[in-house]
Every structure is written in structure tokens, then in C-alpha cells.
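Report on the following structure.
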């Protein structure tokens, strides 16, 4: 396949799948953050309908398990609705929504952790609910969201391996194809584990930098 | 559209798959509880030969996908070792080792929560490390961490459908096989999804109950 010594001769073929894994991780990350903030904020809403929607979303997308959700949206939903999404879009949306359900709880907990006085001060200044959230609460809550979000993004990266089961040729499916051709399982899956490990480490490094940036100029709450 | 006769037709398969899923989770949890404690105690050891490998295993396993770990063990057994474990056994082993790395962190937090004076007192009484853990530390550390261990039991339950990828006849695989044979996925997959939501709700409530009980016990 190439002139590299084993097991690295397997790399060029495996890395073709890396591109898809990265795309799905980034896309899923965007979906997850959107869903987390939306449903996290809704769970603290004064409107009971929004609170219910948020509770249902969290229960379904956390409770039903990522792989089952992926199968349901890929195989079962078209039989119900005639909407058929391609496998990569399904992967991004479902994994993003799955991680987002965990993220919504993180956002909710962070909003609750902002001292009550901050809400009262905003009310005293006659800020609207949206202004309170946008300018007073969120900037303070975001610091305590960063570390758990870092962990969730690593969960998301690991979750992307599941898209291989709905025919997306990501890192994992490339590895499986290669295994079926060569039967060099130890080298192939060993390399895959190493690649995912490096990707996880990259994500946690990015989130450490983010955390450091957001804690600049604060005299409380940073890190520990 | 939804067909109820398909539901009655697939139900026995799904229930037998559910039993396999629960078996796998139960087996995996026993392994995770025991092995996790081993990692946690090793990590606290003064010897680098014990603490460093435990740290490396926990970090590595937690940073890589369960699915790839399953493939690694399953296909290495087939291609390199020559069929060793059954698929279900492989699944239990991988689930157990994977989640032992999460339970290790739970134990570690629990052990860190024990006042230093307790370790010193055990030393003053000339207890061996085994006796210290067995009679002084664990009885105090275990109750408050039970709810956290419960949360990982729920997490393991949610990842158990991955065993379908290594041909274990668990709940999702039964639904998929039925779907392939009857060209009908809506009912089987919806039932499986609803069952899982109910199970994780139930498990979540049990953990909440356990949390309240242990909080009452320790306060």
C-alpha cells in the first residue's frame, strides 16, 4: 500500500476516514452547543410549555441511547415520515442532539449557580429577561460550563465511531474495511485507538486554553 | 405507518434480547466495580510501578471509543488468538474494563474525601494497608459514592446496544434482524427506543432514591 514500515503502512488508508470523523465531530459539536443552550435556557423558562419541551427533549435524547437513536432516525423515521436524511447528516444531528441533552443539564446547572442577587440586580436595572440572560447571567455562567463541555466534546468524538454502523466511512469503518481485507486486527485497531486518543487529547487541550482565556481577570471561580 | 400486528410479532424477540442486554450490563458492572477499585487503590500507591500503569490505562481507555475497543478485542481474538471468548463474553469483558476506568475515578474521589486523620489513625494502630482499606477507609468511602456508581451503571446500560456490532444477540440486534427479515424497522426500533427510555428513567429514579438514602445515612 505504501513504503512505510508496518503498522504505519496502514495509515494512509485509515486517514481517509479521519476527515469524516473530524467533520462529524465539528458538526455535532455545533449542534450540541446550540441544543444545550436552547434547551438549557428553556428548562429555566417561566413558560411551562417550554419547560416541558425541554424535559421531553432531555429524557428522550439522553434515555434512548446514542446507537438506538442513530438507527431510529436512519432506518425507522423514513418509514414514518418519508423524510430520508443521508447518513452523515443523520450522524451529525443525532449525535449532536444526544450530547446536547447532556449539555442542556450542564447549562441549566450553570445558570442555577449564578447568585440570585445578579438576577435581582438585573431586574432592578429594568433589563428584559433576554437582556438579563445575554448580558448578566450568561457571561458569568459560561466559565463553569467550559470544563464539563470539554468532557462532553470528548464523549461526542468517541460517539462519532457509531456512524460507522450506518454506513458512514469514518475512521472506524475504514479500519473495519481494512481488517476484512488484511486481518491485521491488532495493528489496525491499535492504531485507531491511538488516533482517537490523540484527537481526545487535542480537544482537552483546546478546552484548557478556553478555560484559561475565560478566567482572565476574574478573582473567583476559575478552575478549582 | 404504525402497524400493531408487527409489534406483537417482534415483541418476543425483543424481550429475549433485553434479557441478554441486562445480562451483559450485570456482568460488566460486577467487573467494573471490582477492577475500578483496583485501579483507584493502585493510583494511590506510593510505588510508581503501580500508580503509573493504573493512570495510563484509565486515561487511555476513557479517551477512546468503546466501539473501537470492542472491535479491537473481538477481531484480535479471531485473527490473532483464534476464537477465544464468545461474543457475549467479549462484550462483558470490554464493557467491564471500559467502565472500570470511570468507576476508578468515582472511587478515587470517594477515597480523597476521607479525612487524613483516618489514614493516620489506622497507621497509629499499626494496621496493614489491606486492613486500613478493609476496616477503616472503604466502610466510610463506599456509601456516599454509591449514587455515582449507579450513574455509571445507567451509562453502561445505554452503551450496551453497541454489543450488537460484535454479533451479540442483544435487544438492538434482535430488532435489526427482524427489520432485515421483514423490511420493517419502525416498530422494532421504536419499541427498543421506548423500552430504553423507560429503563433509564427507572434507573435514574432508583439512583435518586439511593442518593437521598445515603445522604440521610451520612448526615
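Placed from the backbone N, Cα and C atoms, the Cβ positions cover glycine too.
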For which of the residue intervals A:165-187, A:188-210 does TrEMBL record transmembrane segment? A:188-210
Below 8 angstroms Cβ to Cβ, which residues of this chain, lying six or more residues outside the transmembrane segment (A:188-210), approach it? 7, 10-11, 14, 18, 21-22, 25, 146-147, 149-150, 153-154, 157-158, 161, 171-172, 175, 178-179, 182
What else in the chain is close to the transmembrane segment (A:54-75), if you only count residues 6 or more beyond its ends and a Cβ gap under 8 Å? 35, 39-40, 42-43, 45, 85, 87, 90-91, 93-95, 97-98, 100-102, 104-105, 159, 162-163, 165-166
